[in-house]
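Visitor: Sharing a structure below in structure tokens format, with a few things to ask.
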Amino acid sequence: MQKITILGATGSIGASTLDVISQHPQTYQVFALTAHRQLDKLVELCQRFCPRYAVVETEQDAEVLQQQLTGLGLDTELLFGDAGLCQVASASEVDAVVSAIVGAAGLVPTLAAVKAGKKVLLANKEALVMSGALFMQAVREHGAQLLPIDSEHNAIYQCLPCNYHEGLQQVGVRRLLLTASGGPFRETALADLAKVTPAQACAHPNWSMGQKISVDSATMMNKGLELIEACWLFDAKPQQVEIVVHPQSVIHSLVDYVDGSVLAQLGNPDMRTPIAHALAWPDRIESGVSPLDLYQLARMDFYEPDLERFACLKLARDAAEQGGTAPAILNAANEVAVAGFLAGQIGFLAIAHLIETVLQQLAVQSVTNLQTVLTADQQARELAQIWLTQNCSLARR
Ligand code: NAD
Ligand code: MG
């Protein structure tokens, strides 16, 4: 029986993970579930999965929830804050940690799991984008096993030989090809992009996901973050990672070898496949995903990304090449911009403008320790907030 902690259990990845786990009650047991503020949902999950621990943001919420769960006859213990998240990510009883908190908030608890040498199933790409060098160093030093569940990276992982750690060149890899759906605005007239609404941006054509990653997919910042994620996971140079727009989202990514072979992983767009792959690795288990019907699919299309339309993708590639704290700055500015867009404070096109301005304003530092990363994150958020306030008031005038 493997004991699993799910960081971000009430989100979209959390739900898919619990769906897979519930299909294999003899193999997986939930050890801890964490949520930020969706308390009702967490109560429901605790009733279904009876975890040893549940973690919320504040002490007050923890007390309220503790009473509620005890009243329901559950012996789940409530913890709170970063300390609670780190405790359940690193507890000695835990076999695997699913890192599915959205944004920078996932960094510290995910690192705690890594430093405890856990098997870490990584969805929280922002953690790796922010602190890639330190994160990968910690993985090596503490013998953690890092398995990507972001679908593209999981696909690449499946297409690489198991000795890829020796170096991509060593194992004959020429390029990594990351596929992208192009999001809901792939064909929207450029002139109309300024007016698109949060609801339109969140209506992804192929995937049902949390709001932040849905907006990131619409701007293609998601693919930019994934480019940086791929560089760290597979020790690739940014120039070795190519983005291919593939609107059907059936090929989840590809590896191009020097002999001309190109290996791809295909499947219906459903996160339960990469989650089941990572949970069971190196074995295979049922995920509940229906088999791919190639006759029904009939065709697949591929396009080069339009960098004028998707300015965020260019900003991310530049940050990847610059290195140091540039990706952390990019990520923090993006988080503030997306929150501003979702709150109706700024328009869709302002997301890229905000990020570009913050990147120009902050000097990039080399990353020596976690504090450098957290400081860059904080400074970028402050500058982004100032930009947001100024441009928000301009918009109202
Ligand atoms: P979501 O918004 O649906 O869920 C986020 C989860 O994180 C929730 O459980 C929420 O309670 C928790 N959370 C939010 N802010 C928090 C904070 N400050 N502290 C602690 N917990 C907090 O997001 P999602 O779509 O499930 O995505 C989660 C992560 O997985 C993101 O990093 C995303 O990029 C990545 N990812 C998601 C998908 C997908 O299909 N949804 C695919 C690939 C990668
Ligand atoms: Mg992805």
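Every residue gets a Cβ built from N, Cα and C, even glycine.
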Visitor: Of the candidates GLY210, GLY224, GLY260, which one does TrEMBL list alongside THR10, GLY11, SER12, ILE13, ARG37, ASN124, GLU126 as binding NADPH?
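Guide: Candidate in the recorded NADPH site: GLY210.
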Visitor: Considering the 1-deoxy-D-xylulose 5-phosphate binding residues LYS125, SER151, GLU152, SER181, SER217, ASN222, LYS223, GLU226 given in TrEMBL, which of HIS142, HIS204 is annotated for that site as well?
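Guide: According to TrEMBL, the candidate sharing the 1-deoxy-D-xylulose 5-phosphate site with LYS125, SER151, GLU152, SER181, SER217, ASN222, LYS223, GLU226 is HIS204.
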Visitor: With ASN124 (NADPH binding site) as the reference Cα, tell me which of the binding-site residues ASP150, GLU152, HIS204, ASN222, GLU226 is the closest one.
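Guide: That would be ASP150, the closest of ASP150, GLU152, HIS204, ASN222, GLU226 to ASN124 (NADPH binding site).
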Visitor: List, in residue order, those binding-site residues out of GLU152, HIS204, ASN222 with a Cβ under 6 Å from any atom belonging to ligand 1.
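Guide: The ones that qualify number zero, so the answer is none.
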Visitor: On a simple 10 Å Cβ count over all chains shown, which one of the binding-site residues GLY11, GLY210 is most densely packed?
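Guide: Ranked by Cβ atoms within 10 Å, first place goes to GLY11.
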Visitor: Quick one: pull the CA-CA distance for HIS204 (1-deoxy-D-xylulose 5-phosphate binding site) versus GLY11 (NADPH binding site), whole Å only.
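Guide: About 16 Å separates the two Cα atoms.
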